[in-house]
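S.K.: Taken from TrEMBL, the feature transmembrane segment applies to A:12-29, A:74-95, A:107-126, A:138-161, A:182-206, A:212-231, A:238-260. Under the heading domain 'ABC transmembrane type-1', TrEMBL lists A:70-260.
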């Protein structure tokens, strides 16, 4: 292959990367413009920068503060992720290190629940929540997000735990180590990076979720994506504010996503691709 | 582990340590599994059974007293309602278009990223970023910041070349939704296909090259067959996620201009029209559609899985 061609294709790759990233870069730039500069045609690339968009998003002009929604999202995502790990870890253990009979069937049952569209169970869950007085309650979302992410976590954790060499476990056992010691000293160090990636991916899915949050929460338990739906109808000049809001609310996901970059495919493909 | 680099698909087989015959031991083995299993059945399977039951009732939430069993009436109504039929068609169109476009783009990008060049890591990061924007935020970005006919970026850039200034969302509403989804899902396809490309047998490719095979021949006869299952997996997983898409339709067009897909229609018929029975019937139809896709998806995943178990 000629050098020209190799460099040429590298250049094409760079170009593609820039094109795909352009909307995000433009969003970031616009969020630092004044509302007036944000709404010009042709676009003002070199307009002066300001934090007004962020100030307005955080409620400087008497608008609704996003903090309660951000706090709700944080609770729903973090707590549901912890619940997922708590349930998935023993399950994955029983599907890999010390497998139950027909463990593949169980694994595929978990996968099949992921393929049931959320919208199919939405109405009964709504009716149940209404009758049980759990509408607009963040803990209902915690339960639902746990169920939403559990199959992914079981699949990922199963594949990570399966990487623990059985000979090492046997050796520890022969040396007289008991189960808790084996789990803490042998299994955990090998499975921890995978667990961290699993947690980050569950966090992302919970943070992003809109349909359940939109239907089941109102004023009190509103999450960040529901807060964003307040920007669907235009409100005069508000582009800088929209960009600031979108960016701030996406930041946790961007951070978690880049942190889990290497394991992202595995989580998204439910463990099918490593 | 070296095994993971040569065999990138699915989990290695679990190893049996010791299997005592006693029944108690069998339950002790099962015990760690039970909380997760019971939780999943209660939270995901029961509501669906309830949906199935409700779908056979004529039930408007505003007139709870008039609730009665109607058999398949709701299904008949859903299937004969032009709006609902249209939303079935929209769902198919949206899913197929987005999956195909992002799969082709993802393949091209994966092929570009599979070769060494300066700054490959940076480009990879730039390309993943769209997938890591909160879906509602991404939809808002496209709706207000890119598509806005007066000061959106697209028309702003067209302005420089003296192009037209179309109102993107009202002229091509479905395409507008699709474009934003393709932007978000191409990175997903790229990541899966890149993993596929990197699991190719390099020695085989070298051997083919030594034997005088051209790049195109190698791609056509070695790479593409190897990628087939990754392409299938990407298409199926993409379909499962996009069939259920709600965020983009809700945000960009609010289901208007003929872009309402089934999830949006289900949402609307019970959240706004309070037609519980109809909404459930539509929900059951979504499930039947998903089961068709899911059966294929499970088959692909399971064949990848068995191959992996067999290999190690």
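Here the Cβ of each residue, glycine as well, is placed from N, Cα and C on the backbone.
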S.K.: Mind checking which residues reach the transmembrane segment (A:212-231)? Cβ under 8 Å, same chain, six or more beyond either end.
M.R.: 64, 66, 68-70, 72-73, 76, 118, 122, 125-126, 129, 135-138, 140-141, 144-145, 238, 241-242, 245-246, 249
S.K.: For the transmembrane segment (A:74-95), give me same-chain residues lying six or more residues beyond its boundaries with a C-beta closer than 8 angstroms to one of its C-beta atoms, as numbers and ranges.
M.R.: 103, 106-107, 138, 141-143, 145-146, 149-150, 153-154, 157-158, 160-161, 195, 198-199, 202-203, 206-207, 213, 223, 252
S.K.: Counting only residues 6 or more past its boundaries, what in the same chain has a CB within less than 8 Å of a CB in the transmembrane segment (A:107-126)?
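M.R.: Distal contacts: 95, 135, 144, 147-148, 150-152, 154-155, 158, 211-212, 215-216, 270.
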S.K.: If you count every Cβ pair below 8 Å, which range out of A:138-161, A:182-206, A:238-260 shares the most with the transmembrane segment (A:12-29)?
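M.R.: Comparing A:138-161, A:182-206, A:238-260: A:238-260 has the most Cβ pairs near the transmembrane segment (A:12-29).
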